[in-house]
Amino acid sequence: LTTSNYTSTPLIAFLLTGVPGLEDFQIWISIPFSFMYLLAVIGNGLVMAVVAWDRSLHEPMYLFLAMLALNDVLLCTVTVPKMLLIFWQGPSPSTFPACLTQMFFVHALFLSESAVLLAMAFDRYVAICAPLRYATLFTGSLISKVALALVFRSVAVVTPGVLLILRLHFCRSNIIRHTYCENMVIAKLACNSIALNSIYGLTAALLTTGLDFVLISLSYWVILKTVFRLPSREAQTKAFGTCGAHICVILIFYTLAFFSFFTHRFGKHVPRHTLILLANLYLLVPPTMNPIVYGAKTKQIRMKLLVLCNHSK
């Protein structure tokens with residue numbers, strides 16, 4: 001089945017082992033992860049249902065929120081069920097195509113989440129800093145174009161990373177000491193140089209997620225300056241209320257993501273199990289927290305949820 005010193009890549013099957021060093025405790029780790037996953041699916045599902053059900057919420061801010069909720073459900077569903085299977089039954093095999101597919105969707109959905117957060121920040125920027133232009137700028141056509149653009153960007157950025165994995169030759173261990181198929185974790189099993197994979201991954205992350213974070217930070221800096229100049233205390237409170245939920249979500253998402261990203265690449269002395277748990281938490285905590293934060297901070301969503309629950313009874 002081989003034509004050289006390397007094993008033919010399409011025949012590779014990987015074995016996902018879970019959290020290294022914590023195998024005896026994985027059944028206990030699965031309890032909070034299961035609870036968080038259920039909370040994420042139910043919470044984001046309710047947000048999508050409310051926005052779809054109530055036509056008064058068919059506004060840019062809530063449509064972006066529904067996009068974020070859909071992305072969150074997909075993001076944690078791509079990783080958590082397989083992870084729980086490993087926690088409950090032990091190491092689980094994954095074929096090479098299945099592993100690449102999971103890797104593609106994990107990174108693509110992560111990038112699209114960042115793009116949605118950027119769109120939401122721009123929405124708040126225009127609403128507060130240029131309110132007279134808001135209705136003419138944020139039309140249904142623009143929302144559709146934004147949705148298509150974020151999908152296109154995710155596919156365009158992640159696809160080269162997948163192709164770079166396909167060029168590698170795997171002749172070492174096929175054991176992945178992780179709970180899901182991550183780009184650099186797979187690349188490190190290869191026998192030939194992965195310098196190009198590493199350079200592309202770092203460059204792509206900085207030019208997408210890193211740039212998104214810079215633009216979001218700049219937009220909220222301008223928003224806060226504008227809010228502090230408002231003459232009315234009531235207007236300031238209302239503006240802070242509309243932005244408070246967004247800022248909380250952004251801090252949760254980027255803090256966990258960047259901490260995990262940099263510790264994976266530069267935290268040589270960080271225990272392996274800590275890195276793996278961080279890699280899972282930054283994909284699961286934001287989807288869990290987003291509906292809670294928006295439900296608590298957004299009055300319209302909270303009220304519509306109550307109405308929907310009463311209507312279902």
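Placement of Cβ uses the backbone N, Cα and C atoms for every residue, glycine included.
Residues or ranges marked as transmembrane segment by TrEMBL: 25-51 (among others).
Mean pLDDT across the domain 'G-protein coupled receptors family 1 profile' (43-294) comes to 88 in this model. What TrEMBL records for 43-294 is domain 'G-protein coupled receptors family 1 profile'.
Summarising the annotation, TrEMBL assigns transmembrane segment to 63-88 (among others).
Annotation comment: TrEMBL describes 100-122 (among others) as transmembrane segment.
What TrEMBL lists as transmembrane segment is 134-156 (among others).
Taken from TrEMBL, the feature transmembrane segment applies to 199-223 (among others).
Residues annotated as transmembrane segment in TrEMBL: 243-263 (among others). Note on the transmembrane segment (243-263): residues 68, 110, 113-114, 117, 120-121, 124, 128, 205, 209, 213, 216, 220, 223, 227, 270, 274-275, 278-279, 281-282, 285-286, 289-290, 293-294, 296-298 of its chain, located 6 or more positions outside it, place their CB under 8 angstroms from a CB of the stretch.
The transmembrane segment annotation in TrEMBL covers 275-296 (among others).
Within its own chain, the transmembrane segment (275-296) has Cβ neighbours under 8 Å at 18-20, 29, 33, 36-37, 39-40, 43-44, 46-47, 65, 68-69, 72-73, 75-76, 79-80, 83, 106, 110, 113, 177-180, 182, 245, 248-249, 252-253, 256-257, 259-260, 263-264, 267, 302, 305, counting only residues six or more beyond its boundaries. Sequence-distant contacts of the transmembrane segment (63-88) (same chain, at least 6 residues past either end, Cβ-Cβ under 8 Å): 16-18, 26-27, 29-30, 33-34, 37, 40-41, 44-45, 47-48, 51-52, 94, 102, 105-106, 109-110, 112-113, 116-117, 119-120, 123, 143, 147, 179-180, 249, 280, 283-284, 286-288, 290-291, 294, 298, 301.
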